[in-house]
Amino acid sequence: SAQGRAIPGPSTEFYPVGREVPTAGFAFCSRKKAFQITKSFIPILEWLPNYRVKEWLISDIISGISTGLVATLQGLAYALLVAVPVGYGLYSAFFPILTYFFLGTSRHISVGPFPVVSLMVGSVVLSMAPDENFLLVSSNTTGLNKTLIDTESRDAQRVLIASTVTFLVGIIQLVLGALQIGFIVRYLADPLVGGFTTAAAFQVFVSQLKIVLNVSTKNYNGILSIIYTLIEIFERIGTTNIADLVAGLLTIVVCMAVKEINDRFKHKIPIPIPIEVIVTIVATGISYGADLEKKYNAGIVKNIPRGFLPPVPPVVSMFSQMAAAAFSIAVVAYAIAVSVGKVYATKYDYAIDGNQEFIAFGISNVFSGAFSCFVATTALSRTAVQESTGGKTQVAGLISAGIVMIAIVALGKLLEPLQKSVLAAVVIANLKGMFMQVCDVPRLWRQNKVDAMIWVFTCVASIILGLDLGLLAGLVFGLLTVVVRVQFPSWGGLGNVPGTDLYRNVKEYKNVVEPQGVKILQFSSPIFYANIDGLKSSLKSTVGFDAVRVYNKRLKALRKIQKLIKKGKLKATKNGIISDSGVANEAFEPDEDPEESEDLEIPTREIEIQVDWNSELPVKVNVPKVPIHSLIFDFGAVSFLDVVAVRSIRTIVKEFERIDVRVYFASHQDSIVTKLEQCAFFDDNIRKDIFFLTVHDAVLHIKSQIMYKDIQDPIFEKISLMQESKEPIEFTETSRPEDELDHAAIIYVVFVLIK
């Protein structure tokens, strides 16, 4: 039109005359593509429009209510692990769900506190705000000084530290997600996670044991802290509060018994019995009615904040003191959430985006850290409740957050008479699944001893060193096992299964046959600088000799033959055997006289005497026999080579070629040949015709060469020939041209058979 012109593309747009028309590249930024990118960052735009209200809403409501009740109790209980007032656990069970609802890709996990992560946050809190920093000295009427703890200042500082850690963890997770390195969780292998969570469960148990007993101890942190805590608990076991102990033991027994019933009859019980909620209500009523605090000095929750607190900024100056611990917490929290999420994603046939999960939890922790929360991930038991009660989407999570909000706003005061030992017992009862992982060790030992060692090492290290150092030690140990397995890989000589083109390990299969004069070595690992010595040693074991030693021995024998010829001591006898002092040629037999280093430095080409090295020699030099004429490397399991490996393999080829053993390569990947080309592996002597697609192709090629050619070693002809004449044979000596080395002489020994 007169006012504008259309630009063809995915969506036709009109631009006024005189306005610069966008370039062709602009056509790729369509609305549809922009919306797809937006949905990848905000997954709720993907699944919420497809939400089946009639089919899913009722199930999500029921699941949300059940999960919310459990989340309320677990939030209160897990706050004890962080060493903050229990009311802040309710905030941690509420705020993270709000952001994950919009950004998360898992439909079933219940976001909130988890005991292992809570304990890791608690270790940071206790190390930066121990009781010793808040001591008060007061004097009484008798004139004696009494040391007290300023609990109000201590709790305020601990809440600030916990929220700052949460904020920093969120930043780290956001960075990792933005850099698209969600793969980092792959290095946390299942045995490592199993050992770590079991050790964490043990540490959680010890930390809650003193609350169940109501025994006051110091807050130990770092190496052997759990040992010191146990020692002090048993030293003060006499101060146990009986009311708290009885309440705690009854809670543990009842919760574990009902949970077992829920597991065994889950197909018959439509909704799991919310035993934690029932026990908490009953315990709160008993504590309030019997006035356990005044009569028996029982430890109760006391004050729970009502309503929400205003947001508080983090203390940036603390970041440097908690950076290392925050990184460990960020990775562990993410690993737990993703591993649990993948279980249910596989079960219900949908995908989880690992990098988006990093971003979702990062934003959740940054957001909740501003509202005095501690780090959020997912809890196994809470997620199981959400799924088993019929939860279909994160709508159930949002409803559970509504239940927690009701507890924060209206029901908090009703829980103030609740004994802390009951909450600690609820935590301990939920550790059963993690403790049962110990039963995996015998199975792991039978299946893979290395995995079992990783499990045990990580568990022991995490108990002794603490969770942060223990996780690092377990990760390093796991990587070292990979290095060791790559450095000392499996290898073996192969033989042919008769009547087929299959080749199997001669030590593992009885009826396989090695081709005559051919050795086949299978090396099952990438080859690089760390395991090249392993390749060389396995090669020696397979062929039965050392190519370098054979070459040096042959040089030494040739030198002695040369000397005997010059002295006239070497001649043909009447029976045709050339040697009156020959000895048996046995491989690797020790020599009577040491080797002379100056002789070994002279190249082979300077002495071209034709010798049958597998027969008796006319000199006392024990040259190892070489029973093969061909060597095949099966590189089917070799995924890459480095420069050191290429140079070493080239040296190996040359070492075998000079003792007349032809080297071939089979079953290699294309990338191997490309790497060899890049490293100048090929030349006039080493060509690509030694590479074959399969081992059988290489064997057939070798057999065809033997069948149609009279294979002769350039330094392999008979020195012990039978003479047909009874007269001694004269030997001729030929010297090299003047342009060669002056000290070298080429001796041609010719024996004529005379009948």
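Even glycines carry a Cβ here, placed using N, Cα and C.
The feature domain 'STAS' is assigned by TrEMBL to 508-702. Residues or ranges marked as transmembrane segment by TrEMBL: 76-103, 110-129, 160-185, 192-213, 269-290, 318-337, 358-381, 393-411, 452-480.
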Practice task
Report, as numbers and ranges, which residues of the same chain sit near the transmembrane segment (452-480): CB under 8 Å and 6 or more residues beyond its ends.
Solution key: 116, 119-120, 123, 187-189, 191-192, 194-196, 198-200, 202-203, 221-227, 324-325, 328, 332, 440-441, 444-445
Exercise for the section: Look at every Cβ pair spanning the transmembrane segment (318-337) and the transmembrane segment (160-185), keep those 6 or more apart in sequence, and say whether at least 3 of them are under 8 Å. Expected result: yes
Handout entry: Spatial neighbours of the transmembrane segment (76-103) far in sequence, C-beta under 8 Å, 6+ residues away
Key = 41-44, 111-115, 118-119, 121-122, 125-126, 155, 158-159, 162, 204, 207-208, 211, 219, 301, 303-305, 308-309, 356, 359-361, 363-365, 367-368, 371-374, 376, 394, 397-398, 400-401, 404-405, 407-408, 412, 415, 418, 420, 423-424, 426-427
Exercise for the section: Give the one range among 160-185, 192-213, 269-290, 393-411 whose Cβ atoms make the most pairs under 8 Å with those of the transmembrane segment (358-381). Expected result: 160-185
Problem - Integer mean pLDDT for the domain 'STAS' (508-702) - result: 78
